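According to Swiss-Prot, the feature substrate binding site maps to D11, R202. Positions annotated as Mg(2+) binding site by Swiss-Prot, on the basis of similarity to another entry: E33, D62. According to Swiss-Prot, the feature site 'Transition state stabilizer' maps to K64, D67.
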Amino acid sequence: MGKPLLQIALDAQYLETALVDVKQIEHNIDIIEVGTILACSEGMRAVRILRALYPNQILVCDLKTTDAGATLAKMAFEAGADWLTVSAAAHPATKAACQKVAEEFNKIQPNLGVPKEIQIELYGNWNFDEVKNWLQLGIKQAIYHRSRDAELSGLSWSNQDIENIEKLDSLGIELSITGGITPDDLHLFKNTKNLKAFIAGRALVGKSGREIAEQLKQKIGQFWI
């Protein structure tokens with residue numbers, strides 16, 4: 001794979017706030033995520049408006065889908081999302097339904113610049129056998145989260161985190177990594193071959209958002225040539 005991409009998670013409750021947040025760093029990011037809170041508050045309107053405003057960036061709808069997979073996937077993709085998140089806790093049938101919808105969209109529109117894809121959110125209980133099953137379904141992407149408690153406690157990425165990421169990488173799944181990512185963290189993942197993106201939310205909003213985005217891009221350029 002090429003260089004990892006940089007993704008902003010828009011976790012504001014209101015679209016007006018999210019639009020201000022993304023505007024200040026629009027030239028430094030590759031992926032825009034309609035976060036779960038924003039999607040619940042504003043619905044697919046947020047996806048449609050961001051798609052219209054940013055046609056050249058990858059757009060993620062972070063629904064953390066756990067049920068009604070086919071319906072939610074269709075809603076997100078029709079609104080303009082490129083990727084849809086599905087919870088690792090979702091029933092296998094839900095994951096399969098979401099993947100089927102993505103494949104149907106790609107078949108109907110074979111020349112899409114960014115194919116529709118499913119991302120599995122690695123929250124809660126999951127195991128590597130399940131990851132193999134997802135790959136067999138055709139799902140290529142997953143999102144690895146550092147422990148929320150560890151993040152809030154100011155703890156760094158653990159050896160277990162790195163081991164998990166290395167094993168996921170060896171299976172061939174494309175990983176996005178999140179959980180309080182800072183520029184100083186990026187060197188920990190420089191040997192990850194299938195690294196899709198780094199995701200940051202709070203770090204990229206506010207007065208220092210643009211500066212942090214530039215630092216993250218600089219580190220990506222340093223470690224991935």
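A Cβ is built for glycine as well, from the same backbone N, Cα and C atoms used for every other residue.
Structure coloured by features recorded in Swiss-Prot.
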residue	record	DSSP class
D11	substrate binding site	coil
E33	Mg(2+) binding site	strand
D62	Mg(2+) binding site	strand
D67	site 'Transition state stabilizer'	coil
R202	substrate binding site	helix
Those recorded positions listed as K64, R202, and which of them has the most Cβ atoms within 10 Å of its own Cβ: K64
Under 8 Å by Cβ from E33 (Mg(2+) binding site), same chain, sequence gap 6 or more: Q7, I8, A9, L10, L59, V60, C61, D62, I199
D62 (Mg(2+) binding site), number of other Cβ atoms within 10 Å: 24
D67 (site 'Transition state stabilizer'): tally of other CB atoms within 10 A of its CB: 12
Pairwise CA distance, K64 (site 'Transition state stabilizer') versus D11 (substrate binding site), rounded so that it is a whole Å: 13
Residues satisfying Cβ distance under 8 Å from D11 (substrate binding site), sequence separation of at least 6: G35, T36, I37, L38, G201, R202
